[in-house]
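Notes for the one structure printed next.
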Amino acid sequence: MAKKVVVVDEVDTDVETRSYPRSRIAKIPRSVRFLLVILSSLLLSSSLLTVFSLQTAGHLAGISKHLEEWWEIAGLILWRATELGLAWVFGFDGWDVTELTLLTHAPIYFLLFNFYGVEPSAVAITFAIEIVSMTIPFVLFRGPNSVHALSSPRGAQVANRDVLEDRLTTLYTSVAAAAIYAVVLSLSFYTWLPVHLVLYFDEIRDIRLVHAGAAGFPSVLVSLLPAGYAAYDLLFASSAGWSAKPDSTKMAVPEGEYLITSLYNRTWGKISPKGKILASRSLILATMTLLNTIIAGTGSIKGVELMGSVGWGSLWAGASLVVSSLFAWVEGVPGV
């Protein structure tokens, strides 16, 4: 009989042993594998940046801060380890990490491309290096979750397979998510963002996009389509793939129970497994988007003040929460 999957916080964190039962990698202790993930990610990132330095360094030199203090470099390494650590603890697989990295780093690269006039090829290469250096270690040291292995025997355990395998549903939901990001950005263009950019981004070179009006919306929407699909798969597919039935094995609340335990059972404890996954992943996405934008913006780009990166990051984090609200509404439909 197949080994039973151990579920922690409704996230499939035991996929490694299911995917690679005879692999030598599966025999390595998880703590060691996590250390290898961090080291390989840092090594891969530095190696790729060196290899492609001729295509990127010249275009980024004019707007990049030079890190001279040891603690600045240590802080960036610590943040990279934190990003990887959160993904590891919450059971993310390679696809999840790809999508999480794309979404959490998108604000910075959107800023560089649209407002700092950085060469598109340099932006694309640097962004790709970020994604690849975060993803490959997880592909090597952790197998795919069930929702990303629908054709395998484990795929039979996934709920709502007909929904997840329907291409039109994937297309419509992804476009809707991208449209939400685009609308939130466009509303900020019409209201507070132009002044915010001028006040807190000293080295900013071009703000024509915020004054483009409706004419600029199609290009913004198209550029955010990858983010829409990433949000769909990271949030919707991963949560809808779990049973919506509440846990029927929970015992009744005993008399004299601690208040905190009672509150937990009456709130978070009543949420379905898919609801918990959606809520936890949405919180992780919004928090990491904000923090990464603050750290990368203030720490790596010339002239970006703390208030500037906080406002810019909050805009994207808020948009991701609106997207997750859409997915929660869709998952509330009977039969999903």
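Heads up, the Cβ atoms here are built off N, Cα and C, so glycines get one too.
Annotation source TrEMBL lists transmembrane segment at 32-53, 97-116, 122-141, 171-193, 213-235, 283-304, 310-330.
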Closest-packing stretch to the transmembrane segment (122-141), where packing means Cβ pairs under 8 Å, from 32-53, 97-116, 283-304, 310-330: 32-53
Beyond the flanks of the transmembrane segment (213-235) by 6 or more, those residues with Cβ under 8 Å of it: 95-96, 98-100, 102-103, 106, 110, 170, 173-179, 181-182, 185-186, 189, 278, 281-282, 285, 320, 323-324, 327
Folded-back contacts onto the transmembrane segment (283-304), same chain, C-beta under 8 angstroms, at least six residues removed: 63-65, 67, 72, 75-76, 79, 83, 86, 90, 100, 103-105, 107-108, 111-112, 116, 200-204, 231, 234-235, 310, 312-314, 316-318, 320-321, 324
